[in-house]
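Report on the following structure.
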Amino acid sequence: MSNLQLRIISAVVLAAVVLLMTWRGGGPFRLLSVVIAVGMFVELCRMSRNDSNWFNQSVAAVFFAVAMLALLFNVQALLVLLMLAAGIVVTLLYSVLSKTDRWTTIALAYAGFSGAALAYLRADDGRGLAAILFLFAVVWATDILAYFVGRIIGGPKLAPSISPGKTQSGAIGGLIGGALSALILVSWLDLGNPLLYVGLALVLSALSQVGDLFESWIKRQHGVKDSSQIIPGHGGVMDRVDGLVIAAIALYVAGVFGGGLDFPAHGIFG
């Protein structure tokens, strides 16, 4: 079996599982969110592990595990976020006092808030489903259009020192793709004023590309090509969700102002 065939089969299976759990919502989607978060946390901790930070990583793992268990059992968002915040403060203080790197704190924040944002965005109602579908549509369209426009048009590099393959034309194509996907989805599902959500989509599209670059930068800092090899033909969890999780955190924050910590989707599609 060629690598391309393996990538296609893995992508189809993953997409089917993700969409099914997204449709079900509730416990199944919380489980998916926790699995994504755990994968990210483990991968980043493995990349950055050394003799000086093993204790801090162990402390972070305790805070992270408690927060993810609480998330899995649908504990109030405030408690989950406070647990993550406490872990961030403790691990950051330890790294400062012990004069070690900050990667453990970054892993806890990056993975923990990503999982929480995804889970509470979906919640267990129709507006949560709309929010996640909106997020998926924008991020996936951004990724696809950025790739193909970049390949076809080429031109100046976007961030050659971080990700040499990405171009400015691809970034613009990604923005257009994200905006068009939002326009189509919102109009099709009659979710509200399409132009309003196009503006939101542009922000999420830009942030998803920033997330992609951020993950590439992390890997360069640690001298690795892929975050892991857990997904056949695709690398690791971080490699697959790099753009998604940053956009998810941003969408969660945007929704909190109108829907609260537990039901942010109500603030987006109210």
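The backbone N, Cα and C atoms fix where each Cβ goes, glycine too.
Nobody curates TrEMBL annotations by hand; they come from automatic prediction.
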Range annotated as transmembrane segment - as stated in TrEMBL, picked from 24-43, 104-123: 104-123
Candidate ranges 79-97, 104-123, 129-149, 170-189, 195-214 - greatest C-beta contact count to the transmembrane segment (7-23) (under 8 angstroms): 129-149
Ranked first among 54-73, 104-123, 170-189 for CB pairs under 8 angstroms with the transmembrane segment (195-214): 170-189
Highest-contact recorded stretch vs the transmembrane segment (129-149), from 54-73, 79-97, 104-123, 170-189, CB pairs under 8 Å: 170-189
